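Chemist: Right, I'll just put the structure down here and ask away after.
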């Protein structure tokens, strides 16, 4: 343990409470339990996104208490805070989904406000659901004080008739039911067995993707992203996070030391190798923006072209994230990639050690395991996340093609201005093989909030049309989505992007090899449509109204603090 004199020296921010004129401030703090000796300790915030309404977060209040134990053992004064969460799985397919991406920035802002307002010297952030992770790390980058992210862990798979199932099994079950392949009773059995306890959704979906990416970035303890929610290892690494953040204070180690360009390159590399969520593009861009690291959407294509897809994980594969934990977890994958020249081993992490030094403590992948395929025989020779461009997406779009055999799809558009309209068309069998289903005016500004389309995409897959019908949107897709899907189309319809002027019957081309997203239209016809079609007004009420008016394009990470140079005086 650090001695008191050294501890007092670590109070880079909380020392503002020391002077005589701050006696009233200390009076308030004494009511929270602080004694004379505690005013010589650094204040460490412990923030959790605990909530009772979702399995991803239901256990996080107790995890916050564990982190406090670690902080206390390291000699600092822990203070537990809470912030919000929005469950994507519960909000999915409802108007509540508009608040999902919005919550990422609310989380970031609320952490910054709480830690800044209370002059914390460092903090641990604990998250479980999709937007918790990037929201926490955006706050870390903006504040640039010692901080560690601790993931609440992945959920165990459900089991039905001897087979592993998960939440996406239920979403797809609805499609099977609509197609006549399942009874209501069979779907109910899926519903009742898919989620057996606490933890983030179990495949290589957004929560596990972002937890992995943050570990690779270096802001989570090595190995922690793979530990299941109910494991002893998870409880241990939550407590250790409390001790580790005090060590960061001692070392003077800050997020800006860790969040380098090389760190983001490694995060993209591992995301490609594991077949991570399309949402990773959005969130890594946003984190890089907060960290003042130059990262663009097209950078993802650089790594897509050279990093093979190795993981046989859901949604396109057989295994869940807990299976990866059993064969060595994220560190074993990183060791494999490092040995083969894919990662930067010499960059610093939250432990104060380099990536290579951290990985020495971990075993290689279990011999004979089937979760991670060898580089000589990958699941796919390049990465599964592709950035597309063309006259339908001048600023880019994101396609996830893991498990998709179709390299090129050309078909007529069927255009909808909401997911609800598109779902109704699918349920009524109005969508036929070859169609390109388009859902627009659901981007960051248009949604507002860029809702995900898992309900729609899962129904299409469940009906057996996953590789026969393409799905395009200026909104997002869940990490649980697979099939022929393209999202994040930019500029979005609400900004007057070409997708706003696409009409039912227009022929759309999606090409993996040329990375093209195109629709057949003459310049004259496009100009005519632009002159005659009126765009709807921006949403104007409450938090969604605020969000719609300030959020950037998805191609810039849908950030809420992107200012043009003329607005800041900076270039």
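Each Cβ is built from the backbone N, Cα and C atoms, and glycine gets one as well.
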Chemist: Which candidate from 192, 201 does Swiss-Prot annotate alongside 56, 129 at the [2Fe-2S] cluster binding site?
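Modeler: Record source Swiss-Prot; matching candidate: 201.
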Chemist: Figure out which of 88, 164, 166, 495 sits with 130, 131, 452 in the Mg(2+) site per Swiss-Prot.
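Modeler: Candidate in the recorded Mg(2+) site: 88.
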Chemist: Test of understanding: give the count of other CB atoms lying within 10 angstroms of the CB of residue 88 (Mg(2+) binding site).
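Modeler: Taking all protein chains shown, residue 88 (Mg(2+) binding site) has 31 Cβ neighbours within 10 Å.
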Chemist: C-alpha of residue 129 ([2Fe-2S] cluster binding site) to C-alpha of residue 478 (active site, proton acceptor): distance in Å?
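Modeler: Residue 129 ([2Fe-2S] cluster binding site) and residue 478 (active site, proton acceptor) have their Cα atoms 12 Å apart.
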Chemist: Taking only the recorded positions 56, 201, 478, which one has a CA atom nearest to the CA atom of residue 452 (Mg(2+) binding site)?
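Modeler: Of the recorded positions 56, 201, 478, 478 has its Cα closest to that of residue 452 (Mg(2+) binding site).
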Chemist: Around the Mg(2+) site (88, 130, 131, 452), what further same-chain residues have their C-beta within 8 angstroms of the site's C-beta centre?
Modeler: 86, 87, 91, 100, 101, 129, 206, 279, 476, 478, 479
Chemist: Can you give me the Cα-Cα distance between residue 130 (Mg(2+) binding site) and residue 56 ([2Fe-2S] cluster binding site) in Å, rounded to a whole number?
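Modeler: Residue 130 (Mg(2+) binding site) and residue 56 ([2Fe-2S] cluster binding site) have their Cα atoms 9 Å apart.
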Chemist: Quick one: give me the count of other CB atoms within 10 A of the CB of residue 56 ([2Fe-2S] cluster binding site).
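Modeler: Cβ-Cβ neighbours of residue 56 ([2Fe-2S] cluster binding site) within 10 Å number 30.
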